[in-house]
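Colleague: Before I ask anything, let me first share the structure, which is written out below as structure tokens.
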Amino acid sequence: MHDIRNIFILTGAGISAESGVATFRGPDGRWEGHRVEDVATPEAFRRDPALVQTFYDARRAKLREIEPNAAHRALARLNAQWPGELLIVTQNVDDLHERGGARRVLHMHGELRSAWCLACDGRTRWEEELSSGPACPGCGAAGEMRPDIVWFGEMPYRMDEIDAALMKADLFVSIGTSGAVYPAAGYVQTARYLGARTLEINLEPSQGSLFFEESRIGRAGELVPEWVEEMLAGLR
Ligand code: OAD
């Protein structure tokens, strides 16, 4: 691992599973009982805003009951001790990386604890429900705030920073993601094409498993701390 300086870590729902967060593509193909297209598209929000707001209100409220797990904490340890650059790009909308102690996290699919006002385009840190149609603290408009979540068909956030980090990565690590949703699913190919080493850690081989040089199959809560210890031991 002597040649590795910059590390790019992509995470998905699987890293939060052991904290009690439901993954998206469960055995029944539903997310907390809903079809993804009924709650995670702009069309669904236009059709039935109350359903979508209530759904995300419940996800936001659940954040108060869950805690980061060993995988989040291990990544934070690596983040604190790694001498090169380390960036965590997450598709998750929970705040478990931050609460686990990570320093630099980009939420490419938005965050539950952020509200986006469609009247003034402002973003506000938001802990409460949105279904009751609260007024935007920025402009005062009532009932105009939506979850600050990237839905299907919308452009993921922070793409320029993500591309720049991918260009510089010496090691690309994917943790707990099915590799079903682009653009994140394509990052392994970009990283590898640009010469990075590639590792996936997942409960089962992801859809892009063949693109990784190494796959470690098992629970993130066990395998991520092991991998972090290996990386830190290599520094000693
Ligand atoms: P998925 O639910 O598609 O995939 C989660 C992956 O984590 C699966 O491959 C599981 O096998 C794996 N997994 C489950 N438990 C695990 C554990 N304990 N340890 C390690 N791996 C485990 O979730 P994502 O790939 O994150 O987008 O989904 C990507 C995007 O699709 C989400 O960000 C969301 C969704 O629609 C939006 O909402 C825009």
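Backbone N, Cα and C atoms are what each Cβ position is placed from, and that goes for glycine too.
Since we're looking at a predicted model, the values are computed, not measured.
So TrEMBL lists the following for this protein:
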type: ACT_SITE; residues: His109; note: active site, proton acceptor
type: BINDING; residues: 12-31, 91-94, 176-178, 202-204, Ala220; note: NAD(+) binding site
type: BINDING; residues: Tyr56, Arg59; note: substrate binding site
type: BINDING; residues: Cys117, Cys120, Cys136, Cys139; note: Zn(2+) binding site
type: DOMAIN; residues: 1-234; note: domain 'Deacetylase sirtuin-type'
Colleague: Fill in the CA-CA distance, Cys136 (Zn(2+) binding site) to Gln91 (NAD(+) binding site), as an integer in Å.
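Modeller: Answer for this pair: 26 Å between alpha carbons.
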Colleague: So which of Phe24, Arg59, Gln91, Leu203, listed as binding-site residues, have a Cβ under 6 Å from an atom of ligand 1?
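Modeller: Close enough to ligand 1 are Phe24, Gln91, Leu203.
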Colleague: So of Ser16, Gln91, which of the binding-site residues has the fewest other Cβ atoms within 10 Å around its own Cβ?
Modeller: Gln91
Colleague: Looking at the recorded positions Gly12, Gln91, His109, Gly176, whose Cα is closest in space to that of Cys139 (Zn(2+) binding site)?
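Modeller: Nearest candidate: His109.
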Colleague: Determine, for the Zn(2+) site, the additional residues of the same chain whose CB lies within 8 Å of the mean position of the CB atoms of Cys117, Cys120, Cys136, Cys139; present them in sequence order.
Modeller: Leu118, Ala119, Asp121, Gly122, Pro137, Gly138, Gly140, Ala141, Glu144, Met145
Colleague: State which of the following binding-site residues has the fewest other Cβ atoms within 10 Å around its Cβ: Gly12, Gly20, Gly176.
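Modeller: With the binding-site residues Gly12, Gly20, Gly176, fewest surrounding Cβ atoms within 10 Å: Gly20.
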Colleague: With the cut-off set at 10 Å between Cβ atoms, which of these binding-site residues ends up with the most neighbours? Options: Phe24, Tyr56.
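Modeller: The residue with the densest Cβ neighbourhood is Tyr56.
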Colleague: Cβ distance under 8 Å to Cys117 (Zn(2+) binding site), same chain, sequence separation 6 or more: which residues?
Modeller: Arg123, Thr124, Cys136, Gly138, Cys139, Ala141, Glu144, Met145
Colleague: Say you check the Cα of Gly20 (NAD(+) binding site) against those of the recorded positions Tyr56, Arg59, His109, Cys120; which is nearest?
Modeller: Arg59
